[in-house]
Amino acid sequence: MMKGNKILYILGTGIFVGSSCLFSSLFVAAEEQVYSESEVSTVLSKLEKEAISEAAAEQYTVVDRKEDAWGMKHLKLEKQTEGVTVDSDNVIIHLDRNGAVTSVTGNPVDQVVKIQSVDAIGEEGVKKIIASDNPETKDLVFLAIDKRVNNEGQLFYKVRVTSSPTGDPVSLVYKVNATDGTIMEKQDLTEHVGSEVTLKNSFQVAFNVPVEKSNTGIALHGTDNTGVYHAVVDGKNNYSIIQAPSLVALNQNAVDAYTHGKFVKTYYEDHFQRHSIDDRGMPILSVVDEQHPDAYDNAFWDGKAMRYGETSTPTGKTYASSLDVVGHEMTHGVTEHTAGLEYLGQSGALNESYSDLMGYIISGASNPEIGADTQSVDRKTGIRNLQTPSKHGQPETMAQYDDRARYKGTPYYDQGGVHYNSGIINRIGYTIIQNLGIEKAQTIFYSSLVNYLTPKAQFSDARDAMLAAAKVQYGDEAASVVSAAFNSAGIGAKEDIQVNQPSESVLVNE
């Protein structure tokens, strides 16, 4: 049995909890239930069925606030003690245009957390520990080092680390005990899948991109008309900016990565007014012909750039040539800067699925076979199929769910089935797209991701999040379509979802 966190609803002058409400019965009592931002702890301490103590509620503080295109306000709360973030799920309070609370997503912790340990290693110490755990990677880049405390009061460091351009591809998340330096958890995220000129990708589709022109030729870097910097570097040539004497002489893999990266950035800008991956104008950086240490036939997001390996099939194309794969990788970046879905278990499968669904939509939603554009003599299919996940050995319903699925040909478990179990949500998302159309579906997906989901979200939370987004933006009919799609996969009105027992199944494709 698995129990996801719930959406907490306000009904009349009271607040009740449920995980199956279709929102059609949701009644917002604006006059009775209006809270200011300074009263967020009051909301959490007065929930009718899931109320937490006032002392526990007072440890929550607002760390982010957004207003969406429909006038809904979303306050993201984080639990803190003595200025240190508690490693529990975020909570998001959703308010209508009048300031009335409509729902609360996440999983409030009814516990007053107190620090019961000391920090004996510090940031420099944790860097040494992680470096010693990666002896073959000489140039690690620490993207984030955050001190946190768990519910038991143990201090630890959560560290996001990648490699420098000259190092082997690495993308890792560590949790290191701040008292004795032991590695509590390690997640490997590596294996996922000036002026403007017109460049054509591998399929002769033209794109306008910024470049630098000089007397010696053309270089693939520059700033676009929104102020975002774009660049592609060569993984086989000391990670230098890709350049050539003329347009026709440019590395085609680099052109694919560059044009597709610009296209995906523009998609998010045009449809959701998102200013680059982090919504703050971060550079769009790509590495092509990545070596690991030899030809690396894969692609991944490392926290600051997209990395595309050099294909091991001479007659084939790299993953940079597939617009849906580029959209997939860049959406991992969007997720990292919004919901922050942890790359483990169901939250990790959601992370993968949102990337697949958005990549599919960005590429025109014409082929449900993700990565089909990279097919070659040796790579005859894509990597996943949204319409029929079973084609690649993925489950399509919760009856086939397995959190112990492994990568094909390896003894390593798939981070709790992040790639394997994404097939369930992929099929649900594909059904929603077919029944509501691209425009409505993409808005529901994006809004649920950036406004409702929290880092430890489960499949049932994605259902509630999409229901909320559909209801707010398109009404009861759209919400019914979303509900039916989830019901068809066994993610329905029940608070607990029955799943099969884990087995030694194998993930067919990476």
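Backbone N, Cα and C define each Cβ position, glycine as well.
Matching Glu310, Glu342, Glu352 to the Zn(2+) binding residues that Swiss-Prot gives (His328, His332) identifies Glu352. Cα of Glu352 (Zn(2+) binding site) to Cα of His419 (active site, proton donor): a span of 6 Å. Between the CA atoms of Asp324 (Ca(2+) binding site) and His332 (Zn(2+) binding site) there is a gap of 12 Å.
Distance between Cα atoms for His332 (Zn(2+) binding site) and His419 (active site, proton donor): 13 Å, as a whole number. Calculated from their C-alpha atoms, the gap between His419 (active site, proton donor) and His328 (Zn(2+) binding site) amounts to 13 Å. Annotation note: Glu352 (Zn(2+) binding site) sits in a helical segment as assigned by DSSP.
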